[in-house]
Amino acid sequence: MSDTPPPVRRRLPLTWLGLLPFALFVALFLIAPTMKIVLGAFQRADGSFTFENVAGLFTDSILSSYWISIKISVASAALGCLVGFLMAAAMVLGGLPRAIRSPLLTFSGVASNFAGVPLAFAFLATLGPLGLVTLALKTHLGINLRVYGFNILSFWGLTITYLFFQIPLMILIITPALDGLKREWREAASCLGASGAQYWRMVALPILFPSILGTFALLFANAFGAVATAIALTGSSLNIVPIMLFAQIRGDVLGNPHLGYAMAFGMILITGIANVLYIVLRMRSERWLK
């Protein structure tokens, strides 16, 4: 008789079964739609291969819509980073009571995911032509926002609306980086005669810069991909990519679904580049903070 032991059968650990629902969700609602968009961008209505749809992205109207969307995304990301960083720094490093931290982070977690039609309606009811704040300023203080050129359906109106979820997202992401600043670094800088401004300029900000820049890239991608909020708020009054994309795929006789696929493919490329930049910078900042 042979003394060779029977082969050991490798079994998949049961703990991996917990990932099965998530894997199915990603496959059905992320990977499959993305592949559909990519394939549709290079197909005609009859299914034949073509570059016509991608070439159509370089028309003046579509390029203009991409440029306006990029400017809105940059503006909301920059303002979101600035305000969110100051709020997070006040919470983590400032003299604010620690009892404020938990409610602020909880609110930020909710607000960072509050978008779409509810957010658009909230800002229309607040800062729209007949909004609560608009009428209150005009009635009680004599301030007419229209006279000063403000319109919720304009570039800055959409940018301000995006700040509602951009600022909380910045707070959530930058707070761990601020927590990673060691007290010994500030004490060492003080012992060497550095002022508070010099500490931030020469020590803290260089360490936090990769995190801030990476978060800016993530906020840019977040704003650039905010389709539902833009459509619900501005309708057709602002020439941005989500509006033109919706016009192509909504089923009108003048629409071209495959051109819409190409526009969506362009949005995926732009947001993908921004997300890759965020991941790379995030990994670099984590090495410093460790």
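Positions of Cβ are set from backbone N, Cα and C atoms, glycine also.
Note that the coordinates shown come from a computational prediction; the quantities given were computed from them, not determined experimentally.
Features of the protein shown, as given by TrEMBL:
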- 66-280: domain 'ABC transmembrane type-1' (DOMAIN)
- 12-32: transmembrane segment (TRANSMEM)
- 66-93: transmembrane segment (TRANSMEM)
- 114-135: transmembrane segment (TRANSMEM)
- 155-178: transmembrane segment (TRANSMEM)
- 199-220: transmembrane segment (TRANSMEM)
- 226-247: transmembrane segment (TRANSMEM)
- 259-281: transmembrane segment (TRANSMEM)
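Long-range contacts of the transmembrane segment (114-135) within the same chain, counting only residues at least 6 positions beyond its ends with a Cβ under 8 Å from a Cβ of the stretch, are 145-146, 150, 152, 157, 160-161, 164-165, 226, 228-229, 232-233. Long-range neighbours of the transmembrane segment (66-93) within the same chain, counting only residues 6 or more positions beyond its ends whose Cβ lies under 8 Å from a Cβ of the stretch, are 57, 100-101, 104, 155-156, 158-159, 162-163, 166-171, 174-175, 178-179, 181, 212, 215-217, 219-224, 238-242, 266, 270.
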